[in-house]
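For reference, the structure discussed in these notes is given below.
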């Protein structure tokens, strides 16, 4: 069945009178998108219910929690571990600033793990209170479709109950994938990596995406020997190639061993740990093997076919520009739709859904100039187009401005690690198409750049802006020398 793409005037605005249904809206999944969609819909007067699995730090078919992947087993606990890992470098840098650190500095993994768990338990409660204060009915259990207006919730005790709703919103997120190789059961995913009882001394990571790079930085900062394997020449496929090179250099500079163009072929248990065999015949012994090879939409147990909801070849729910599925009253937001899989994007999609369905304001999510960050050490952050993307879209030449410098702090600490910044500009309009930064505080700085790009800032706007001195951020408004001018007809290497 082909999806009908809605026009603005065709978007039905819900009448929140309940009608013959139990609820105006039933939401499956209380992650970032589900919670936002629930409470904003309730603020428009809708009668809303939401179902979610019982809380647990590690997800499964029967375990979840309010806040979803980001809060419980993703962005938040990961960032806490990044903070914890960063102190090793700070202690090293402190010496040349006059700090005399005598004796051993011991790291207590169990204490950090305990405090991390306490924080996500707290946040799980915060999300429940937000829903309760918004008037949303919370139901514990796993939801699945019976038909276009009925959801069946399987409770933790195995009992089942059905609820009807005029509209259904699916916001079940995604789950980590495992590579199908012999011994795969010996590996862990990011879920387990955030809750390990013991900190590994020897870690092998398979994958070149942001999760792989972040855990490589985390474990190395905590003292582990880390080997990172990935299929391409550089990690972070999809990011700007020049910035990918910078990240790879920084990882190696921090002591992480990179294995580009290499895959794992087999894992086996030995007396000394896990034996890892690569497709090049190399063998390594590790305490932990992490599969960081991507995530897949959480749609398998929703019984979507019962209502006629279409999915693509990886199980992502197909939606139109308003997040409506192939069934007119069923909607989906967040990772389960596999659009831009970021928490703030799920929040945006859910807000647009509520405005469209219950607010009388048909609103499409705007995916232009969405910023993102990789919390490696140091971090990478970007907004807008990479140089390669700009060349694919440009009708005129692309102007590239770059700055590579030693931050003031490194001048004293003697750390050999440069900060790199980049602006991509349309030569015809002078509009800044993209901004990238790899270095300390990059995500904090790029968030401000995102506002500038969203407002249509030109290079002249940047040049006329007064900087804050001394700061790294001022480099973005002092890059006046053109690094290179690139024609769209050129063919940059894109399969790195």
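Count begins at 1; order follows the chain as displayed.
Glycine is no exception: its Cβ is also placed from the backbone N, Cα and C atoms.
Cβ-based neighbour count (10 Å, all protein chains) for residue 143 (FAD binding site) stands at 25. According to DSSP, residue 143 (FAD binding site) is assigned to a strand segment. Feature annotation from Swiss-Prot assigns FAD binding site to 32, 33, 52, 69, 70, 78, 143, 335, 343, 469.
Sequence-distant contacts of residue 32 (FAD binding site), defined as residues of its own chain at least six apart whose C-beta falls under 8 angstroms from its C-beta, comprise 67, 68, 70, 71, 334, 343, 346, 347, 350. According to Swiss-Prot, the glutathione binding site annotation covers 32, 127.
Among the features that Swiss-Prot reports, disulfide bond is placed at 70-75, with the record citing similarity to another entry.
According to Swiss-Prot, the NADP(+) binding site annotation covers 208, 211, 214, 231, 237, 294, 373. Residue 214 (NADP(+) binding site) counts 25 other C-beta atoms within 10 Å of its own C-beta, drawing on all protein chains shown.
Feature annotation from Swiss-Prot assigns active site, proton acceptor to 469. Here residue 469 (active site, proton acceptor) comes close to no residue that lies at least six apart in sequence on the same chain with a C-beta under 8 angstroms from its C-beta.
Note: the Cα of residue 214 (NADP(+) binding site) and the Cα of residue 75 (disulfide bond) are spaced 11 Å from each other. Each residue contributes its Cα atom, and for residue 208 (NADP(+) binding site) and residue 75 (disulfide bond) these two points are 18 Å apart. DSSP classifies residue 75 (disulfide bond) as helix under the three-state reduction. Cα spacing between residue 211 (NADP(+) binding site) and residue 143 (FAD binding site): 28 Å, rounded to the nearest whole number.
Note on residue 208 (NADP(+) binding site): other Cβ atoms within 10 Å of its Cβ, all shown chains, come to 24.
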